[in-house]
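Annotated in TrEMBL:
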| type | residues | note |
| --- | --- | --- |
| BINDING | A:Arg52, A:Pro53, A:Ile54, A:Ser55, A:Ile69, A:Tyr70, A:Arg71, A:Gly76, A:Thr77 | FAD binding site |
| BINDING | A:Cys220, A:Cys225, A:Cys228, A:Cys245 | [2Fe-2S] cluster binding site |
| DOMAIN | A:1-101 | domain 'FAD-binding FR-type' |
Amino acid sequence: MINAKMLVIQNSPIAENIFELKVQGELASHVKAPGQFVHIKIGDFIDAMLRRPISICDVDKDSHVLTMIYRTDGKGTKRLSQCIEGEMLEILGPLGNGFPIETVKAGAHAILVGGGVGVPPLYYLSKQLKEKGVQATHILGFQTEEIVFYEKEFNHLGPAYVATADGTKGTKGFVTDVLKEQDFVYDVMYACGPIPMLKALETNYNGKPLYLSLEQRMGCAIGACLACVCETQDRTDSKGYRKVCSDGPVFKAGEVILPC
Amino acid sequence: MLNVSLPGLNMKNPVMPASGCFAFGREFNNFYDLNELGAIAIKAATKEARFGNPTPRVAETPGGMLNAIGLQNPGVDKIISEELEWLKSFETPIIANIAGSQIEDYVYTAEQLSKHSRVSALELNISCPNVKEGGIAFGTVPEIAADLTEKVKAVSEVPVYVKLSPNVSDIIAMAKAVEEAGADGLSMINTLLGMRIDLKTGQPILANKMGGLSGPAIKPIAIRMIYEASQHVNIPIIGMGGIENADDVVEFFLAGASAVAVGTANFIDPLCCPKIISALPDKLKEMNVNHINDLKGRSWRSCQKTSSSR
């Protein structure tokens, strides 16, 4: 984990209000696992002082490039979207523990489930799984067609099913509808997305190992401020809580109580 | 030119991270040697472990942030056995912050912590609701704040700093009340009670609804309160509230602070404390100041010579 200035080499829209940011610097070589995130200082803005935690979508260790995908939802991310090539961004990372892939064997079938801006970290995960010889199937959920991204990129790595809430693309409904429809035989499931999606997966797909990546408002993102904690499901746990930033953001299903 | 001496605290520089913004230092030790700091104010200890509030616990505001962590901590016994034990490998003076919901809890926690060899001073968080007095914060009624201070002083083996709440109408009365009750120093200011409402849901963003406002937005209030209080008490003040750089440190000294604490800025830049410390000598040279103590209270001391200690 380091705090470093990284060079912006690309920052452009890839779907409605969805931006792809590519930054270059030494920090990229520190990434240990898919699912880790970075904490980005947007600039010296009095109304967007805190950093923004954004998941790592892809890493190119040879050219030291990190790719992040984010939605321009608030003041901070809107400012970030105005950042142009050649500018430097102060970035802290890589942070957190990513998706565990060590125990998945070659030939196994992994299901990767993403919802909205929970989709990006699955991309680097899928690439890493492919390198290991793991077969990956992707289920990507979005609200509507205009905000679908990376469908083609995922398709290169394995089958990618898209679901949209309004039915404008792919299956009408949620990722869980695709799962019901396809009834996959699989060995491990990884997911990142909104809490209702994660809850549905935890309830219905707990027979095989299931790993969930959580999103939470953060302060420091290094485990000091305790802004992003969630309770453990095990009431006898010695601490009784986990920090999303430094213990997570990926947890095994059943480890923590998913916040409402 | 940076060393300062306050009751119980021999600091090589006047900068410490503020309680609650630094946990027990472990995370920041990954970025720099904690011995670079003037002191460390560790996270508030309560008698029993506390889980804290539901999330969201933080919300951003212009020039700052709201927090309602809810004093999450593992309890005083674990802080002693695990955190202070770990901090033994550093030399930096430790200020142990104490919170509670009744006087007896503060007294117990103070007694345990003040006996510890690693604790140089206590800091009383009096912004907590007093459950025996209908939830009114200890720090909003001078008599109650004084009573608490006196009882903690009676058991503490180290100097006691009282962290004043800015959510009062008369900060001078509060400062004088705790000084008379035996406080060895003041920390000011704690956060200001604030709130934000989400336009989409129409509901408060924080699960706790209200939270403490910190960051540069509250700096002018901190400066004003230290300016006022420092002219009415004879005990030193650790100044805090939105400090981000060496200029801010100078401003707090000019207002009347004898040391400073950095809070929210640690979240924006984990290296901010050592950066501020290393920028201070040049700032003082630029101002033709030989020692940072010479700046203390200069805004109200006018032409008086200020190099002697107060």
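Glycine residues also receive a Cβ, built from the backbone N, Cα and C atoms like all the rest.
Contacting chain B by the Cβ rule (under 8 Å between Cβ atoms), the binding-site residues A:Ile69, A:Arg71, A:Cys228 reduce to A:Cys228. Within the model, the domain 'FAD-binding FR-type' (A:1-101) carries an average pLDDT of 95. One residue stands out among the binding-site residues A:Ile69, A:Cys228 for having the most other Cβ atoms within 10 Å of its Cβ: A:Cys228. Within the set of binding-site residues (A:Ile54, A:Cys225, A:Cys245), the lowest number of other Cβ atoms found within 10 Å of a Cβ is recorded at A:Ile54.
Around the Cβ of A:Thr77 (FAD binding site), a 10 Å sphere holds 19 further Cβ atoms from the protein chains shown.
You'll find the Cα of A:Cys228 ([2Fe-2S] cluster binding site) roughly 13 Å from the Cα of A:Arg52 (FAD binding site). Counting other CB atoms no more than 10 Å from each candidate's CB, the binding-site residues A:Arg52, A:Arg71, A:Cys220 peak at A:Cys220.
Of all the binding-site residues in the record (A:Arg52, A:Ile54, A:Ile69, A:Thr77), the one with the smallest CA separation from A:Cys220 ([2Fe-2S] cluster binding site) is A:Arg52. Secondary structure of the domain 'FAD-binding FR-type' (A:1-101) per DSSP (helix as H, G, I; strand as E, B; remaining residues coil): 12 helix, 51 strand, 38 coil. When the C-alpha distances from A:Cys225 ([2Fe-2S] cluster binding site) to the binding-site residues A:Arg52, A:Ile54, A:Arg71, A:Thr77 are tabulated, the minimum falls on A:Arg52.
Considering only the residues assigned to FAD binding, A:Arg52, A:Pro53, A:Ile54, A:Ser55, A:Ile69, A:Tyr70, A:Arg71, A:Gly76, A:Thr77, the longest pairwise Cα distance works out to 15 Å.
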